[in-house]
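Reviewing the structure listed below.
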Amino acid sequence: MVKKVLLINGPNLNLLGTREPEKYGTTTLKDIEMEAHQQVAKHQDAELFTYQNNTEGFIIDRIQEAKQQGVGFIIINAGAYTHTSVGIRDALLGTAIPFIEVHITNVHQREPFRHHSYLSDKAIAVIAGLGVYGYTAAIEYALNY
């Protein structure tokens, strides 16, 4: 049986590599996705889907589609929606697909409004502050889940 993993990136993550490189580094989202596909390709029984959107409703739609596709694990960096979106939280809960929340920076070292996540209490794990390596760690976990 093929393990299907969905990697979702939210608003402004399409700007990685150029957006505040002192915080987020110079690695682009395309680089992250390419590395993720290479990592998953080492496992013959795994498939990776990647998705990025700046619009909350489209992210919710993609989470709901994941259930229909038989996705068994979601890795999500919801970006700013982490701190505001009950809708994304409800979509994740509604599909009952296990997920890991990933953040490139340590959100707890940043502005106070970034300290609260609508996702973390329901996530299997939260990875924050490891830079883009957080995606690698999350994928490794998902593949062995």
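Keep in mind that glycine also has a Cβ here, set from the backbone N, Cα and C atoms.
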According to Swiss-Prot, His83, Asp90, Ile104, Thr105, Arg114 bind substrate; which one of Asn54, Asn77 is annotated to that same site? Asn77
Whole-Å Cα distance, Arg19 (site 'Transition state stabilizer') to His103 (active site, proton donor), is 15
Among the recorded positions listed here, Arg19, His83, His103, Arg114, whose Cβ has the fewest other Cβ atoms inside 10 Å? Arg19
Those residues of the chain, 6+ apart, with a Cβ under 8 Å from that of Tyr24 (active site, proton acceptor): Leu16, Ile104, Thr105
Cα-to-Cα gap, Asp90 (substrate binding site) vs His103 (active site, proton donor), nearest whole Å: 20
Using DSSP and collapsing to three states, where does His103 (active site, proton donor) fall: helix, strand or coil? strand
